[in-house]
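Annotated features, as they stand in TrEMBL:
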type   : residues : note
DOMAIN : 23-146   : domain 'MATH'
DOMAIN : 175-242  : domain 'BTB'
Amino acid sequence: MVSSVVDAVESEIASTRLTEISTGSHLFKFIGYSSNKGIGVGKCITSDVFTLGGYEWTITYYPDGNSSENKNFLAFYVTLRSDGTKARVKISLTMPSQTEGTPVMGYSSDAVTLSTNESWGFLIKREEFEASEHLRDNSFTIKCTVTVIKNSRFTVLTSNLHQQLTGLLEHGDGTDVSFNVSGVTFNAHRCVLAARSPVFMAQFFGPMKGKVNQSIEIKDMEPSIFKSMLHFIYSDSVPDLEEARGDKDASVALAQHLLVAADRYGLERLKQLCEMKMYEFVDANNLATTLTLAEQHNCSELKAACIEFIKRPEVLAAVVQTEEFEHMIKSCTTILEELRSKNDQ
């Protein structure tokens, strides 16, 4: 997001200073709250490094506070990790609502300047947090939003390449290939598909290109899923995933189907977006299906997170009662051995 602020300058020559504002968010889900509680004052859990606004950051969580004065509090901090730099930022650390009507918990800063390894954060009283709806299934999620403020003398129009490409798809201008998906026809552009997907590249421009029909039948995929995948190929976004956010089951189901489609066509970014969505909403009811898909489609991080989640006795007891668990142990026989091995450690 880019906005402009004009400052008055007392000079014979009119001048403006343009302020560029870049905002991004990162979700970090903490699983196993009770197992980390009591690890000791000053001991922390730190997220992997992530990038927002062109800078690298981490989220640090102190389950028992970061000093003896706040040992009855949970402490959360965002730290600037980019080397040798300073950043003028506004930071928000919140816990998104997990149930309808639950207010967001957290704090936001005014504009602050951080240097490398400097942090901003907040404390929350443990009893208040544990009584809230933000702790569910022994896990919670922190949303970190960083707004980077930079001064510049010029502005550049925001790229609308994705809108232009999506317009080509929606209006059908210049399409040269069609897909039949369960009776629904989708028209597209070979070059765009090939540029985004190694599978389409091989299909349209590889050794077998002369044998590819003008109309291609797609099997084992719902039209709505193929449509969402096409939209991602042209726009690099999946608005359907965000629109379904209010309906947890719909959001998870869409992410599961899109994960399969993304893996089928080598769309790694789409695959990662689906993994994140499935991870965000993982619980005892959908864990077996999520773990099965993670195993079948080589999602190592998602698989590791699910196995860590299912290690807890109360979660495992709930998962084994689901029909999806029976399907998982039949279709992915190695997972059961891994679960046994992890539980024995």
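Including glycine, each Cβ sits where the backbone N, Cα and C put it.
Per-residue pLDDT, averaged over the domain 'BTB' (175-242), rounds to 91.
Residue counts for the domain 'BTB' (175-242) under DSSP, split into helix (H, G, I), strand (E, B) and coil, are 35 helix, 14 strand, 19 coil.
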